[in-house]
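See structure below.
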Amino acid sequence: MKSVKKIENWVLTAGTFLAAALWIFPLYWAFITSIRSEERVVSDGAGILPDEINLTSYVDILWNTNLINWYINSIGTAIIITITVILSGMMCAYAISQMRFPGRRILYGVVLASFMVPSQALIVTQFILINDMGLINTWAGIILPQLIVPVVIIVYKQFFDAVPKEMREAVVLDGGGDYTLLFKIYLPLNWGITTALAIITFIMAWNQFFWPFLAVTTEDMMTIPVGITQVKDAFGVFYARLMSVALLGAMPVAVAYLIFQKKVTEAVMISSGVKG
Amino acid sequence: MPMLTNRRKEMAVAASLVAPFVLTFVVVFLYPTIRLVQLSFTNAPLIGSGEWVGFDNFIRLLSDRLFLTSLKNNGYFVLLTVVPTTAVALGFALMIRRLRGALQALALAIFFLPYILPVSVVTQIWTWMLDFQFGVLQPVIEFFTGKPVSVFKNPYWVMPTVAAVTIWWTNGFNVLLFIAGLRNISKDYYEAAQLDGATRRQLFTKVTWPLLWPVTALVLTLQLILQLKIFDQVYLLSSGGPFNSSYVLLLMVYREAFQLNHGGYASTIALVLFIIIAMLSVLQFQLLRAGGRR
């Protein structure tokens, strides 16, 4: 009996590694392709093991595309979106959670309802709006429709609700108002959730494709996800270059994920409500 | 009197706290939603105004073959992704749970990594892997079918392939939810069951599966809503082709609005999608609340 269980365990572990190897293979293959010459990539002898280190396509991408611009646009817009979403969401959640004012319940109802609305269905009218405002091909145009992330308010409200009321008293006795309470008590108590929400908002903004794709028409204003689709049009089908630019585009967030793995995991779990 | 001014002051503070969100919400969310409803009753172009045409757009939708095809393809894509991705994610989560320490972190990172990639990175990698002439996966396809297949130009292969790519890309999110769900199941249940001599299979069917059901239901409904909104992958991999066999609702909204300049008609399609998803979301919300009470 015991040995049957051992074999079973061994088979399960082997299966896990096989599944993991298959899952990572596309990224491995993209990397191997990116460090080969274009001729090697499409030659018959090109096996699945690495056999040369040729950085031509990386150099070519860095020199001959707008990649640096796309990085700047992606980083700039994603940072502004993250800060705005977190700050406005935190302030709104604090008011809903800790203050009494008319319309409070309605406001929270609207937040919950907007959580259920597909923003993709609004692209047509959001485009008309941004176009009317003259913001096509600007950072503001890319940023504005991405500022509504209701889940940030929902999560903050839950965490603010759980802060013991006694924590307020010292500040209130000192004559501190609600802004003092928020930034001296509620925010410091919730740094963990704040960084988790910030990381996930940043990743979502960085990866956004549909809206920036509509809001930008000139190549120098594109973000990474939109920009790298232009490389195909510029070079034709040169796979080493296409893989190089794909990996360069994926790198910042992938590295950030590997550094903050625990935080990202936590953020995903909290924002989907399975852990609170 | 001081009570009253205090109250007024608190009101002003509250207003200033909610103002940034509320103002942005009204401008970029509420106003476009109202405009969407209004535009769907007009024949407006994308930029500029049109005339009120009543329910004409909606009536036209019912006899628009492309709309019906898109609707059907959305449904087909949901079938191809929702249950398979949930099953695969549960399998991976169970596998990862068996591992310990660094190995567990490594396995989790591998399964989650694709989820944080931009969609265009994903589609470029898969376009290359499935390239008709040089794709590394063509020998595999050839092994099963006897000949290489240009998957994104073949009406039978295109949707299943887009579904497979989507599952590879987004599955990590579901794996995480299942892992969180598994962690929430107390070890006592397993110990008690093992004392009673339960087999591995019984542990799964009698303990894990029923206790994990709320998370499974959450994953299924989240996926249902997410996969109905498919656009990016289809646009980048097959542009809706061949012969409209991967045409979906959001792609139709995009084409009608931005390529054919039919702002009114595009709004009608978007509104229908909006209503379908909103109804499913309400249903999901009710379901989860019912699940939470149980």
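The backbone N, Cα and C atoms fix where each Cβ goes, glycine too.
Positions annotated as domain 'ABC transmembrane type-1' by TrEMBL: A:71-260.
Sequence-distant contacts of the transmembrane segment (A:12-31) (same chain, at least 6 residues past either end, Cβ-Cβ under 8 Å): 48, 243, 246-247. Annotation source TrEMBL lists transmembrane segment at A:12-31 (among others).
With a threshold of 8 Å between CB atoms, the same-chain residues lying at least 6 positions outside the transmembrane segment (A:70-94) that come near it are 107, 111, 139, 142-143, 146-147, 149, 152-157, 160, 178, 181-182, 186-187, 194, 197-198, 201-202, 205-206, 212, 221-228, 249, 252. Sequence annotations record features per position, and here TrEMBL assigns transmembrane segment to A:70-94 (among others).
Taken from TrEMBL, the feature transmembrane segment covers A:106-130 (among others). Long-range contacts of the transmembrane segment (A:106-130) within its own chain (CB-CB distance under 8 A, at least 6 residues past either end) are made by residues 92, 96, 136, 141, 144-145, 148, 150-151, 153-154, 157, 210-211, 214-215.
What TrEMBL records for A:136-156 (among others) is transmembrane segment.
Residues or ranges marked as transmembrane segment in TrEMBL: A:191-214 (among others).
Long-range Cβ contacts of the transmembrane segment (A:234-260) within its own chain (Cβ-Cβ under 8 Å, at least 6 residues beyond either end) map to 30-31, 33-38, 40-42, 54, 56-58, 60-62, 64-65, 67, 70-71, 74-75, 199, 202-203, 206-207, 224-225, 227-228. The transmembrane segment annotation in TrEMBL covers A:234-260 (among others).
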